[in-house]
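Contents: one structure, followed by commentary.
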Amino acid sequence: MNSEKSQRIGNGPGEKVKGGARKKSGHAHRKSLNDSLEGEVKAFLIDEDRLHTYDDLTKVNPVTPKTVLKCLQARYRAKVFYTHAGCTLVALNPFQPVPDLYSLDVMKEYHCAPQPQESKPHIFIVAEEAYRNVQGQVEPVNQSLVVSGESGAGKTWTSRCLMKYYATVAASSSLLKSQDTVDRIEKRVLVSNPIMEAFGNACTLRNSNSSRFGKYIQLQLNRSQLLVGASVQTYLLEKTRVAGQPANERNFHIFYQMMTGGSDEQRSEWKMSHDQRFAWLPNAEKTLEEDCFDETVEAMVHLGINAEKQGHIFRILAGLLQLGNVTFCSAMDESQPCDLEEKSKDFMQRCASLLCVPVEELQTCLRVQTLRAGKQSALFKPCSLADCSVRRDCLAKVIYAQLFEWLVTFINDSICADNSTWCNFIGLLDVYGFECFQFNNLEQLCINYANEKLQQHFVAHYLKAQQEEYVSEGLEWSFVKYQDNQGCLDLMEGIPTGVFSLLNEECLLNRASDAKQFMVRLEKELSDNGTMSWDKFSKQPHFTVAHYAGKVTYQIEGMMEKNKDPVPPELIHLLKKSENPLLHQLFADRDPVGQGTRGLRQVVTVVSKFKNSLESLMKILHSTTPHYTRCIKPNTDCRPLTFKKEEVIMQLEACGIVETIHISAAGFPVRIPYTSFTQRYGLISNLFSQGTGENGLEADNKGALGLAAADILRVVLSHSLDPTHHIDNETRSSLVHCGRTKVFMTNSMLELLEEHRNRVCSQRAFSIQCCWHRHKQRRRHAMRRAVTLIQAVVRSWLVRRAVRRWNRAAIVLQRSWRKWRALMDALAEAELDDAEDLQEEAMPPELDPILRARGSVQLSSIQEPVMVRGWPMGLALASAPAITVSMTATGFQKMMSVMACLNEHCFRSGEYKVETNQFKQGVASIRAQPRGSIKLHYQRSPLLYADMHPDHKRDGVTGLNQILLEST
């Protein structure tokens, strides 16, 4: 749906036209209303800032017309246009586009919501509730959506939104194999709207797109709740508008669409020049959004109306416009037919050409009446000037009515599914609203009669049915007075003294109609009925009916002629001869109204046909589950966001919204069957069952389910209310009552039940969670023990393996150390033995290779320096607390260099000292008498765990060093 297009539910400039009686009574009623409610509403209106937050009118307190009006006004100012009123939805017309109010995202949001009733009030809530009733097969499965309200309140737009919603929901829910079919059906269902509105809607004083016919659309659903087809039923097309339009109103939209949207080629085919004016097209200069010719043609194409049929349709319509320009003048000779005015001859020629009928026969049928008396030959009687105009208008009306019926039939053939493919339907009723103009005739009488029937259905279903259900269930509750319109219906449809009966009887008489005489008969027959009155000071024949929405005065003049709706037989014969295939088809099967088998006239009046069709509609409504939407018109001028209290309050009282709120709020709005009640709340008594005992609730003769429900309620009341406070039966009965088949309760009792149920569910959920947590804790503990055991085993194995490796390494090192000590001892002994012979030998003897490789000092007799390889020195230093190095050096610098070298690499801790034996010792080794430079090379120990810097303050040596020292 294009949200950028005008979403005005009704948007035409209008003029407030009300009956004088309605103004006077409304003013007096409002004055008394304001006086009586001033003190009552004062306390409630303290917190007016929160009025716009009430999404249900039953939440306001006290529930009075003025408080409801205040709430609606506050929400309207906040641009919130939908409000619940108990079981009814109230829709206020914004008279302006509202972005994203009916977008596809909003549709999906309401369709996918778990509880749409908890969302903001919207027309899609009503649609979704009906759709879910069909899905749940809640009896009665078939649904009906009744959209009611005054003209211009927004019924047509609301119906359009509902159709779009169902088409979208069905398409989105469809299976892949049926997607193409659903798209095709929903497209055809939607495009039927522009055609129906173009041919059946018109601009009136109160609405620029007013439906001038009633329609009931059945959306057909299969077993999977997919849209497979639709059908349209129409009621009482206002065909008189074709030939006569009230002041400041227009003809049907299709004529203006042809004038503004037709191409030059089409206008030439229709014989319509750009400068031509038509008598039946008033206010042609006024442009509306509904004057969209291309949209209508596109819709025809989608429905299968090809270009050829479109041409026939538009030629017929153009011929009617030309016929409207034909005027007559009196003939010089009264015995001769009336003459055509000079300027009308061309119009007559164009009309005959467009209708494809002989122009001579057309003129004769309009000016000459054919009379037949039994088997005698026909007699021809010239018509008077007035009769010629009547016959002209009659021809236009019958052609247009037949064309409209053909369109409806074609649409049904295009979108209707076979009976075997659908099993349920959702009906959508869009009927004309209540009308009250300055001049009201038969059309307004029938329209208002239909609204009276719908109002009675609403009252019977929601108001009277609720109270009767209380009585049938054994509830003792004071009845709320509501506005019953049965008296008005008896006045109109009563037999044999109803208005319709007397009107039909008058039309069956073979005599000229007399308005004054009919008024006298009405006064005689219906003077005792309080809903009918007459204005004694009026000179015009009339009667006034007190409808549920106010008093309306109807003019009797011309009512009988409209009710007869006579069609001269010669006109039907002429149209059967038409060469236009469509026009010929329209009248091929129609027999002209003539005489019956015994010479009696067979006349089917407009009122009779309308009553029959309305009765069939009411049978359908009574067999379905209804959903009501009350459209409210905030102001008569169609101005955006303008709220007039006087207009709204009359509509609220007339449509029964206030009475609905009273019953919903003051009674027991929640009614749950015992089976459903025990299924949902049975766990409460299972948890807190304390025996049967005295519960203060009547549970006799209800069976096991009734006793179980009473026990549940007893438990809830005993745990929810103060135990120290005594609750009498009267107090408990004001909260809840156990009927014969259902539990009746207030909203507060329902909240107590839900709160108690949630508490029980929370406790049981907590118990389940405790068991689950205990199970998880046990499993976690067992897994932790298993992991600890595995880790302990692995660690012990690793330690044992490391100890074994250390022992093996220690053995290897000890073995190597012992070998080195033995070697050093042998070397020292050898050096001491050979020291005496060193000075005597001229040439130094050649050293043993072993000594040369393992020596620790460079002797003066050796020319090349010998590397000292002391790789176990770190181990030796770690094991000895003090080391004395005896060496002989010449020169102070050499001695200091040796001391510095030893101090840098070995004696960093400061606890070791270097002493030279030439200063303190008397005897020295040969190694203490070096003649060359001494170089001490120290390599780092390969023992990674050896203590390189031993500290005597420490308690001991650990690790591998401890193993080595203990083993040494």
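Every residue, even glycine, has its Cβ placed from backbone N, Cα and C.
TrEMBL labels come from automatic prediction, so no person has curated them.
Residues or ranges marked as region 'Disordered' by TrEMBL: 1-34.
Sequence annotations record features per position, and here TrEMBL assigns compositional bias 'Basic residues' to 19-31.
Annotation source TrEMBL lists domain 'Myosin motor' at 52-758.
Taken from TrEMBL, the feature ATP binding site covers GLY149, GLU150, SER151, GLY152, ALA153, GLY154, LYS155, THR156. Within 10 Å of the C-beta of ALA153 (ATP binding site) we count 27 further C-beta atoms, all protein chains included.
Per-residue pLDDT, averaged across the region 'Actin-binding' (614-636), gives 90. Feature annotation from TrEMBL assigns region 'Actin-binding' to 614-636.
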* Asked: CB neighbours of GLY154 (ATP binding site) within 10 A?
  -> 29
* To do: Would you please pick out, from the binding-site residues GLY149, GLY152, the one with the fewest other Cβ atoms within 10 Å of its Cβ?
  => GLY149
* Structure fact -> Residues in the region 'Actin-binding' (614-636) per DSSP class, helix first, strand next, coil last, are 9 helix, 8 strand, 6 coil
